[in-house]
Structure formats: structure tokens, C-alpha cells
């Protein structure tokens, strides 16, 4: 095995030797020559982008005012949506994304380690099959406890996709365009969220919120069938679909290998710093995604609005800023030179500048137009880091441990990020609003969201630490296996 640890930036960057470029190109050509007949890199990217859209549509759907609804009050004793049907407090409502993330974080490392012994492509199919069954169960939930369990299994299914899709893209994206390909994939996150806001409002205008979950489950069925039936694509470090190697091994040996791999990932200093930075960032995004439409409705639309206006406006802004920000971040990193240091510096700048715009939106705006202008500018800037942070997570761990590195980062950003942040901010808002009239209670959202936004400064500081730690030895892209 030939191992080179200097950063590989693609031939167009002019920063690697012809010999290094030839080795990487030979590996890529060999992988491509043995792929199934249906495969082309762009086709793979398109399939994964569409799947990612539906995955994150579910996240936006359950946060939408149409599906999530409103709590029961004296003015509206029945409430609406999930909150109204199950008579939920803000804290209980915040448990829905939390339980989803618990399922995801428990399952993600299992899928990541399993691909060393099974076909990664088949694991995608089985995992998303669980996702389909779980979202349909959400629509059929007879009580809140059942809904919580169903949301946990949605997380179990999604774990397969979030752990394995990015390494596939890293394997087959053109070397000089990897950041742009990651941008195309990750821009589906804000677009999916926004589509969920809009879809939730549109469905509940004509039918029950339960119909929305069934519809998204049906939309994922074609991908599940394809991943289970088509000739599988081979991921570096994963076993072929017809391989029987490792099936005779004892669970104790597999567990020992897993712990060794985890220790290897945690020895990568850049990965640890990026993980800490990304955790703080995701905590803020989780709050904006879950409470943003509700806060906007309370501040600017009033109690009579059932959520349609707030969902549409926040959804549209999230789509626009997510697409522009993600693409711009990928293009900027490719232009700057796709090094780990450049990627982490770009992420730090994105956090610091975005914080300024968002804080101004929450504190100074007194009209809806001013608020949305500043909020959109802040979202645009913080979405710049989507592609760079994803690329860095792939590049700062050994190639065969990319799924595990991605899954462990997923565990961290959710366990310490957007699992606790929505219920905690919901609890904070409940306490700030206690004893106040409707208008005064709505104004407390400015304080709640401003306090949460301080985590963007923490995120930026950790990205600066990662940039300081970065060097040729921290980039594994020339580790040939």
C-alpha cells in the first residue's frame, strides 16, 4: 500500500506532483472501471441529492406550523396539528426532534462500522426501508408516546444515509471539484427544510397532518427499491455485496476493532476541533429550524395566522439563502484552494459575520421587512460553511474511517447540539413568557434566540483552533488504499 499524506488539491490547483496526481487518477480510474452499468458520477450525485431532499423535508415538515400546529389556549381550546391533538407544552413538543436524534445517534456508528463487513450500498437500502416504515407510523400514531417512538426509528433509518452518502460522493467527485459537489449535496438540507415548511402548510390546508407523513414515506419507496435491487456500488473500505469475509468473526473481535477505530478518529486533532465547532453551529441551526417559524408568527403575524404565512416566508428565505450560501461556499473553497486550513478559516469567518447579522435581526428590527432582511443575510452567510465543513470531515481522517468519522461527528453534533437545544430554548421561552400577555410573550423570542445565537461565536473560535492545527499531516486525501 502506498500512503501519502500531503494535501491533494487536484491537478488544476498546481500543488501536487505529477506522480501524486497519477496515483490518485489511477485509483479513481480503477474504481470507475469496476462499477455497475447504471453508474455515472453525476447520476449518483443526483440520486443522493433527491434522497437528501426528502430526508430533510421530513425535518421541516414536523417543525412546520401546519403539522406541528399550536398549543391549546383559552382563545383556541382545540389548538391545531400535533400540539393541539396531543395537548403538548413547548417542552414536550421539543422532545420530538430530540427523540429523533437519539435514534439517529445510537444507530449512526453501527451503520458506519458495519460497512467494513457488509455492502455500504445495501446498508443504505435497508436503513431507508426502516425510515419509510417509521414515517408512515408517525402518521398513524394514536398517542404522543407512540409518536415519540416512531420519531426515534425515523432517526435509526436516517442514520444509514447520513453516515454513508458523503463518503460515496468523496470517492467519485472530480478531485478539483469536490467542494462544489459537497455543496450540491448539502444545499439539499436547507431546501429540504424549507420544502417541509411549505409542504406541511399546504397539506394541512386541505387534509390532516397525518397525511403529510404518509406522503413523504411513499416518496422514499423508489430509492429503497433501487438500493436493494440494483447492482451495488462499491465504497472504499466497504465489503462487496457478495463477500462472505468477516462473517465468521466473533462479536468481541468486531467490538474491539470498532473501539480501535473510534480511538483512531479521536486522535485526529483537527477532527476533534471541527467536531466541537460544528456541534455549536448545529445547535443554533436546530433552534432556528424548529422555533423560527413559530417565533416569526408570534412576532409579526399574530395568533389569527394559522401558520401558512410564516411557513411560506421562512421556507422561501431558507431555500434562497441555503442554495446561494451552500453553492457560494463550495465555489469559494475551490477557488481559495481546497486545503483543510482554508476550509476551517472560511467556516470561522462565516460564523462570526453571520452572528452580527442575526443578532441585529433579533434585537433591532421593529418591522417584518427589516427582520427578514437581516435574518436572510445572516442565514446566507452561515450557510457558506456547509460544503467546507463536510469536506473537512472527510479529509482529516483516514480514508477507510470516513463513514465512522462522519457518524461520530453526527453523534456529537446532535447529542450535544440540536438534541438539547430545541427543548432547552423552548423551556427558556416558556419561563421568559410566563405571566405576560400575548404581545409581551411574543417579544421574549428576541431574547431566547439572541442567547442561542451566541453559540456561533463559540463555533467560530473552534474553527480557528482547527485552522491553527491544520497542516500537511492532517489531510488524508492521498492515503491510497
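Placement of Cβ uses the backbone N, Cα and C atoms for every residue, glycine included.
Taken from TrEMBL, the feature domain 'Major facilitator superfamily (MFS) profile' covers 44-471.
TrEMBL lists 38-57 (among others) with the feature transmembrane segment.
The transmembrane segment annotation in TrEMBL covers 94-112 (among others).
What TrEMBL records for 124-142 (among others) is transmembrane segment.
Look at TrEMBL and you will find 148-169 (among others) tagged as transmembrane segment.
Per TrEMBL, transmembrane segment is recorded for 181-203 (among others). Packing against the transmembrane segment (181-203) from elsewhere in the chain are residues 45, 48-49, 52-68, 165-166, 169-170, 173-174, 209, 211-212, 215-216, 289, 293, 307-308, 311-312, 314-319, 321-323, 325-327, 329-331, 379, 383, 386-387, 390-391: each is 6 or more residues past its ends and has a CB under 8 Å from a CB in it.
Annotation comment: TrEMBL describes 209-230 (among others) as transmembrane segment.
The feature transmembrane segment is assigned by TrEMBL to 270-292 (among others). Residues 59-60, 63, 94, 97, 193, 314, 340, 344, 347-348, 351, 379, 382, 385, 389, 392-393, 396-397, 405, 408-409, 412-414, 416-422, 425-426, 429, 445, 448-449, 452-453, 455-456, 458-463, 465-466, 469-470, 474 of the same chain sit 6 or more residues outside the transmembrane segment (270-292) yet have a Cβ under 8 Å from a Cβ within it.
According to TrEMBL, the transmembrane segment annotation covers 312-333 (among others).
If you look up TrEMBL, you'll see 345-364 (among others) marked as transmembrane segment.
What TrEMBL records for 370-397 (among others) is transmembrane segment.
According to TrEMBL, the transmembrane segment annotation covers 445-468 (among others).
Here the transmembrane segment (94-112) sits against the transmembrane segment (148-169); at least 3 CB pairs are under 8 Å, leaving out pairs fewer than 6 apart in sequence. Of the Cβ pairs linking the transmembrane segment (209-230) with the transmembrane segment (345-364) and spaced 6 or more residues apart, fewer than 3 are under 8 Å, so the two regions do not touch.
Here the transmembrane segment (148-169) does not touch the transmembrane segment (445-468). Their Cβ atoms form fewer than 3 pairs under 8 Å, with each pair 6 or more residues apart.
The transmembrane segment (445-468) shares more Cβ pairs under 8 Å with 345-364 than with any other stretch in the list 38-57, 124-142, 312-333, 345-364, 370-397. Taking Cβ pairs closer than 8 Å, the transmembrane segment (124-142) reaches residues 51, 55, 58, 62, 107, 111, 150-151, 153-154, 156-161, 164-165, 210-214, 216-217, 220-221, 223-224, 226-228 in its own chain, all 6 or more past its ends. Packing against the transmembrane segment (370-397) from elsewhere in the chain are residues 166-167, 170, 178-180, 182-183, 185-187, 189-190, 264-265, 268, 270-271, 274, 277-278, 281, 284-285, 288, 296, 299-300, 313, 317-318, 320-322, 324-326, 328-330, 332-333, 338, 340, 342-344, 346-347, 350-351, 353-358, 360-361, 364, 404-406, 409, 456, 466, 474-477: each is 6 or more residues past its ends and has a CB under 8 Å from a CB in it.
Taking the domain 'Major facilitator superfamily (MFS) profile' (44-471) as a whole, pLDDT averages 87 in the prediction.
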